[in-house]
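Database features, via TrEMBL:
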type: TRANSMEM; residues: 16-41; note: transmembrane segment
type: TRANSMEM; residues: 69-90; note: transmembrane segment
type: TRANSMEM; residues: 102-128; note: transmembrane segment
type: TRANSMEM; residues: 167-188; note: transmembrane segment
type: REGION; residues: 203-222; note: region 'Disordered'
type: TRANSMEM; residues: 235-255; note: transmembrane segment
type: TRANSMEM; residues: 311-336; note: transmembrane segment
type: TRANSMEM; residues: 357-384; note: transmembrane segment
type: TRANSMEM; residues: 446-466; note: transmembrane segment
type: TRANSMEM; residues: 513-532; note: transmembrane segment
type: TRANSMEM; residues: 544-563; note: transmembrane segment
type: DOMAIN; residues: 581-716; note: domain 'FAD-binding FR-type'
Amino acid sequence: MSSSQYSVMSQAQRSLAVMGIIACTVIVSLVLGVYGMNLFFTSDMATMGMSFMQHIAWPHQGGYTVTQFWGLALGCMMLPLGGVTVIVLVNQLFTLTARLKVLHLNIFSAFVYLGLTSFFLFAAHYAYDTWNAKDILKCGVLFCIYDAVPSDVADPQLVIKPGFGTVVFFLCLHMALLLLVLAVRVLLQLAASVSERKSNLQDNLLTPSEDSPQRETRTTKALLDTETTDTPGKLVALFVFLCLFPLFAFLSTALPTMWEEVSAYSIRGNILKDRSVGAEYVSSNATMFHSKAYAVHDGHHDPFSGEETKLYFVVFPDVLMFWLFIYGIAAVGLLSRASLTARKVLRTRVAELRIPLLSASPAVTVGQCLLFTIFALTLSFYTYYWKHDHAFHAVKEPPARHEVWARTFGQMANLVMGMLILPVARNSIWTTVFGVSWESTLKVHIYLGYSLCILVAAHIGCWWGVWQGMNAEIGKIFPENIFRIRNYYPNNGQTKAMMDGDVPGGFGTSDNFTIALATYTTLVGALVFGVLTHYKIRRNFFELFYYSHYYFLVVFVMVLWHANSSWCFIFPGLTLWFYDRCLRTAKSNATTRFATLKPAKEAELTILEFEQTENFFGCPFKFGETEPGTYVKGMKFRAGQYIFLNVPIISPLQWHPFTISSAPSDGRTTCHIKDMGPGTFTNQLRQLAQQAEDNQFELQKMPIAVDGPYGAPLPVRDYKKLVLVAGGIGITPVNSILREMYRSALENEADKDRWSKVILVWVVRETGLLQVKLFNDTLKAVAANDLDGCFEIKVFVTRGENNSSSCWDLEDGHLAVRLSSMMNFGRPDLDQLLKQDLSEGGMDNLIFACGPEALITSASQAATKFGADFHEEIFEF
């Protein structure tokens, strides 16, 4: 058996083993999840109803047993886990089949895809029928006012299940659609391979090609234009802000606020009932923020009562504040995209103040201050509303102070949780709205996460204070209540003895089943989000951090059960995240292979190039401009962007971000990846490159996956002078930007006139990096022709010998002199270095920095001193 065959078969065996483990996890998770939910759905509250008269008929306190509670907990834990592992399974299956092109494995994958499609269609039918999603879907949600029977004659079992079943129904339907698309792709490939012509094509796909065509590129002028290539993103943003978000906002005015109460007859009751809060139920400190109900239709004919009535759609102040915040920050972002003047004002630096985690640069901009102000005002008004104006349980007597604050902190956590999920999607509307990269919005997610932890802790602490205060009044319930299932939740003057049924007159039913669910979920969440998100764990065990973070789905399911109105805040962001996850699965499954993988001899780097088919999911039929099965070198990207790379033979679950160091106009996609030391992914990649160079396997047969590109392109045409500061391997995005700008200035006289000065400041420890071909070519090109002084390069070597001539292999003595004049030894003083060039111009100048934190800080301080705009790139997430 040849080494290349061994590589393919070993990869197949490894992927099959991983898939087997994941498939078992999927089956076990989903079976346990369905079993747990069905167990909970046998509880008194699910079978007898949840009205007051049904409460007192429940055989069990709280309407459920301890076993049934753990069934709910099991369902909330396992169903999200099963859904996530299905997506991981799909990625692994595509790695095994679509890239290896082994016939019997493609047949196997086709059966698996069709099987999973059938499974999710069955699950959707199960949710529709058994979990009563049909109760809501049959009458078309809002049209339930015509078809749903009144609550006094409705089946009492049509509570709890319908809302949960409807969400599961839509999720399963969407998963089935995604899997069906993948199944069709594999079936088309199998159909094509039947004929001899297509079989030969499949053989060619595995044959190394020295002449894979370069991707056809547009002019550098078009490639540098940041406003002309984001049409799909703009269309998606328009759809979200004009259709999807308004739909969720409208549904919040009509549907019940409690998720477990969503059913056809509760929707009917909501819309036909005036639910505005009366003055007698509002505290004496109330202002103008009570809920308002608006009758949008007089003369509606009720088919059951035969009377004319009104339709009411309630605008809740807290939900209104949430949407005003969303559209408010969107307006700020769109203003910055539409107006160059506004963009420069918002990016003006106002203070030298380091914000931990938000930026390596010690400065705050006007835009950051504005966004923080909008957030602070929203949170302040939101807090005031829940503290003073909201009528808890519509009781005339105001609750105790601790209870008011406990509920207020809980609802604030609702608001922050709704914001928390919005910046997470990689294919995000916010990157389009603000023109920033995904990793920049991720910093906002981190701060919102810390805020949520604080609010949840305050919410829990205040409730403990409430229970502590009740010990003397109704009997000792604290600290027993913390971990007690069917805990004491006193209403209507009950005592502990009455709730236990030891005293006549007790209802024996006071309880909130979601409190214990929230308690145990939060305990696990404290480990996942409090410990596993620590910098050292995130840095050294990223996969542990990344995959454990999917526990957020369990937390969100818990919150939907536990918190009033939570679905109004959570569903919009969760919907965007779900579609982003599906899109990433599709994008990363394009047929991709190595074009080049070799270790750099001059430095501890691995040089990687890849090529892809442009056809739909690698399907062997023509969908684009290229012929079926034709690999094109690289992908369409913009200068300064990055990709996520997965090399299954190293690790099937690891995805690592790497900046693209080539320019878009190069016609290929090249990454220079620094070896970070023994045991790391980058070190294993370098070892793999060494094996490829030693011909231990056939490079083009090695399957890889690429997700991207990501990152906001730098708007270089907005500035007259640009200083590109790079430290070490931080040259990768800088080289891409510089090469593209240089070519554009060569080709377009307008660009040459637009940029009065472009300076590269590159700080390296030793001269090895300077000898890497791609970087070396860039330096030589600029040295040979600086376009009348428009382009300038300054290299600083902090270690090694003072021997610059070893960096250049030249016979041209004049060029060698010019290259040597670029070289400096020691660390740069950016203030002195840039004083002459940036003393005038202010925000018409830009300093772009990528490298170690100390260098970024120095560049940031120089930008503040000269009043220039500043942009930084980071190495890690």
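Backbone N, Cα and C atoms are what each Cβ position is placed from, and that goes for glycine too.
Values in this document were obtained by computation on a predicted structure and should not be read as measured data.
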Selection from 102-128, 235-255, 311-336, the stretch that has most Cβ pairs under 8 A to the transmembrane segment (69-90):
102-128
To the transmembrane segment (102-128), which of 16-41, 167-188, 235-255, 513-532, 544-563 is linked by the most Cβ pairs under 8 Å?
167-188
Between the transmembrane segment (235-255) and the transmembrane segment (311-336), do 3 or more CB pairs sit under 8 angstroms, pairs being 6 or more residues apart?
yes
Close approaches to the transmembrane segment (16-41) from elsewhere in its chain (Cβ under 8 angstroms; 6 or more beyond its ends):
47, 64, 67-79, 81-82, 85-86, 88-89, 92-93, 96, 123, 126, 131, 160-161, 164, 652-653
Hey, which bits of the same chain come close to the transmembrane segment (235-255), Cβ under 8 Å, at least six residues off its ends?
141-142, 262, 267, 270-271, 313-316, 319, 323, 326-327, 330, 427, 429, 432-433, 565, 568, 571-572, 575-576
Tell me, what is the mean pLDDT of the domain 'FAD-binding FR-type' (581-716)?
77
